[in-house]
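*Asks:* Below you'll find the structure I mean.
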Amino acid sequence: MDNLAIFLVFISSFMHAGWNCLGKKVRPSGASFTLSAILGMLAFVPLLLFYIDWLSEISQEIWLLVLLSGFFQAVYFLGLGQSYRFGDMSLMYPVSRALPVLLVPPVIALLGWGTELSTMKWLAFCLIVSGCIILPLWHWSDFRWSHYLNPASAFAMIAALGITGYSVVDSHTLMLMRALWPVEGVAFKSALLYLVLQAVATCLWLMLFSMPFRRQRREIARLFEDHRGALFFTGVAMFATYSIVLAAMAFSDNVSLIVALRQISIPVGVLMGVFLLGERASSQKWCGVGFIVTGLILVSL
């Protein structure tokens, strides 16, 4: 795997963990994700002025893929928000982030869009997923299937399917865009353009799913009144972070490796929580961090 891809994903993961750590005062929900995405999108849309010539050259296939990616992003946000509504955020977030590590590779293999993965990479994926499951536990006896066989986990699974979908679609669409404009620095230029288009598509889907419901509209209005500054920062940081991930996809033969490496944000978030916010950490949490880090090392080799 290209060292530049590893570096870019690590940078984005530290940024991701940072804004998650700072944004903990606003409990994530479908409404908060919707408002964050809209505010963040509005900050990035002016960048389209620099891509006027490129926009006219985008094929119908790419436009359809952008809409599909936006749909999967919206599914991720709303699925994750609902999982937090029904379950413990400390359990649901690692589950929703871990499952795509195992879901993306078979999808990529089925579509024939990536290089074949070695046994060592699959071992790394299993270590990362195991670490994500162990991480939220306070005692080994806390592990019960009943914690995962419930409505909250079902929504976390929906969020994981969203991550799987947009990761696969984004990788393929960016490959098409790079082929369309073979210019210097196209990996970064196409990633930024794609990010803005995807952000617009995501917001359209989120509004389509959220706005028909009065309760959602009221919640969004309340959040805008009370937390618009924090949610604006979250939205901008969210899209800025993912733009780096999109650029990294140009330097990897298989997007499955990018998806796995992104999980470095989980142990980084744990460290920030412990040392910056004074959160408690169990031996199980450190064990989970160890599993994830070991898996990440194997992925990067």
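Any Cβ shown, glycine's included, is placed from N, Cα and C.
According to TrEMBL, the protein carries these features:
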{"type": "TRANSMEM", "residues": "6-23", "note": "transmembrane segment"}
{"type": "TRANSMEM", "residues": "35-56", "note": "transmembrane segment"}
{"type": "TRANSMEM", "residues": "62-79", "note": "transmembrane segment"}
{"type": "TRANSMEM", "residues": "91-114", "note": "transmembrane segment"}
{"type": "TRANSMEM", "residues": "120-140", "note": "transmembrane segment"}
{"type": "TRANSMEM", "residues": "152-169", "note": "transmembrane segment"}
{"type": "TRANSMEM", "residues": "191-209", "note": "transmembrane segment"}
{"type": "TRANSMEM", "residues": "230-251", "note": "transmembrane segment"}
{"type": "TRANSMEM", "residues": "257-277", "note": "transmembrane segment"}
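Help me picture where these features are in the structure shown.
*Replies:* Nonlocal intrachain contacts for the transmembrane segment (35-56), taken as residues 6+ away from its ends with a CB within less than 8 angstroms of a stretch CB, comprise 73, 77, 181, 192-193, 195-196, 199-200, 202-203, 206-207, 220, 223-224, 228, 231-232, 234-239.
Long-range neighbours of the transmembrane segment (91-114) within the same chain, counting only residues 6 or more positions beyond its ends whose Cβ lies under 8 Å from a Cβ of the stretch, are 76, 79-80, 83-84, 122, 125-126, 128-129, 132-133, 135-136, 147-148, 152-153, 155-157, 159-161, 163-164, 167-168, 171-172, 253-256, 259-260, 262-263, 266.
Sequence-distant contacts of the transmembrane segment (120-140) (same chain, six or more residues past either end, CB-CB distance under 8 Å): 88, 90-91, 94-95, 97-99, 101-102, 105, 256-257, 260, 263, 266-267, 270, 282, 284-285, 287-299, 301.
Within the same chain, residues 33-34, 37-38, 40-41, 44-45, 47-48, 51, 54, 66-67, 69-71, 73-74, 77-78, 166, 170, 173-174, 177, 239, 242-244, 246-247, 249-250 sit at least 6 positions outside the transmembrane segment (191-209) and bring their C-beta atoms closer than 8 Å to a C-beta of that stretch.
If you look at the transmembrane segment (230-251), the same-chain residues 6 or more away from its ends with a CB under 8 A from one of its CBs are 2, 4-5, 8-9, 11-12, 15-16, 18-19, 22-23, 25-26, 32, 35-41, 43-44, 170-171, 174, 178, 186-188, 191-192, 194-195, 199, 223-224, 258, 262.
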*Asks:* Where else in the chain does the transmembrane segment (62-79) make close Cβ contacts, counting only residues six or more beyond its ends and a cut-off under 8 Å?
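*Replies:* Residues 30, 33-34, 37, 96, 155-166, 169-170, 172-173, 176-177, 180, 194, 197-198, 200-206, 209-210.
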